[in-house]
Amino acid sequence: MSKKIALLAGDGIGPEIIAEAVKVLAALGEHGELDVVLESGLIGGAAYEVTGTPLPAETLALAQDSDAILLGAVGGPQWETLDIKVRPEKGLLGIRSALGLFANLRPAILYPQLVGASTLKPEVVSGLDLMIVRELTGGIYFGQPRGVCRLEHGERQGFNTLVYKESEIRRIAQVAFTIAMKRDRRVCSVDKANVLEATELWREVMSEVAAEFPEVELSHMYVDNAAMQLVRAPKQFDVVVTTNMFGDILSDCAAMLTGSIGMLPSASLDQSGRGMYEPIHGSAPDIAGQGIANPLATILSVAMMLRYSLDSPAQATRLEKAVGAVLDQGLRTPDIYSPGTTQVSTGAMGDAVVEAFIHTPG
């Protein structure tokens, strides 16, 4: 039975990196025993220019009718002055909300070939492989009431509300523990339970869910300490699970441990495992159209798609090995280039991954 994948290239370098992912998906169809149907839609600034909205109804319908979504990137300086309701990023948020994509998975893996690209010492980061599981649809980003008001004496006051329901915490905990079962079986829950009541509940529910997974070791850590530990000794972590805002911050911190955000994929999943997959880097309008963007994060997002939404973990591992093989060959896009390696274009990197995939045992 075929799997339908929605391709949402978006803005900036989005179309270029999605084009390389399409090459990989074609190879999967020919050499990976996976039947996929690809259909494209508009999102972000590209959609706004054509339809006046960053998320056209047709794109949302396509996303809802697909087994998985592959997103390039959204945004650019030419849209920053638009009303916030129609800015490109609203298209991304709209899909997350409409599809109930509550679990954001952000792996931080340092490939041994790129250990010199990290700003930390090799002995600190060599072998790094952690997963941050971020709750994506609750917390202070969505809590009500929120806004800016004017007090009686004329001073302005801004306010937001941090709210989490027990059910929201429980479901993200179950995602984290399930992932940990397939890894090193350790979960670190990050909160600020010493000052925030909402995360005191977070800690309680995490401990309750841990009882359902006796094989997994649960630890708790305050977010300020977690930020410090990510820099001091990041390899102590296996799976980190945390709130929306804390995860937003910590995942970017973890990303830079690897030396280049051009290597890092992400997934946003619903309750059933359907998901949207995207590189964590932005639309990079400054290099768009130059053929120098790194497509590996997008290709690795395809690997995550295979693992979490398309029930093809063996092909996911095969694709990840192909990326490693290309790095072993010394091929690099400019963002990960170093003396002694060979600089290649976006398209050449994609072609090399396809070739390596074909010759990697399934």
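Cβ from N, Cα, C; glycine included.
Site annotation (Swiss-Prot): substrate is bound by R96, R134, D224, and the candidate from R106, R146, R150 recorded at this site is R106.
D224 (substrate binding site) sits 8 Å from K192 (site 'Important for catalysis'), taking the Cα positions as reference. In this structure the C-alpha atoms belonging to A288 (NAD(+) binding site) and D252 (Mg(2+) binding site) are separated by 22 Å. Considering only the residues assigned to substrate binding, R96, R106, R134, D224, the longest pairwise Cα distance works out to 28 Å. Ranked by Cα separation from K192 (site 'Important for catalysis'), the binding-site residues E80, D252, I292 are led by D252.
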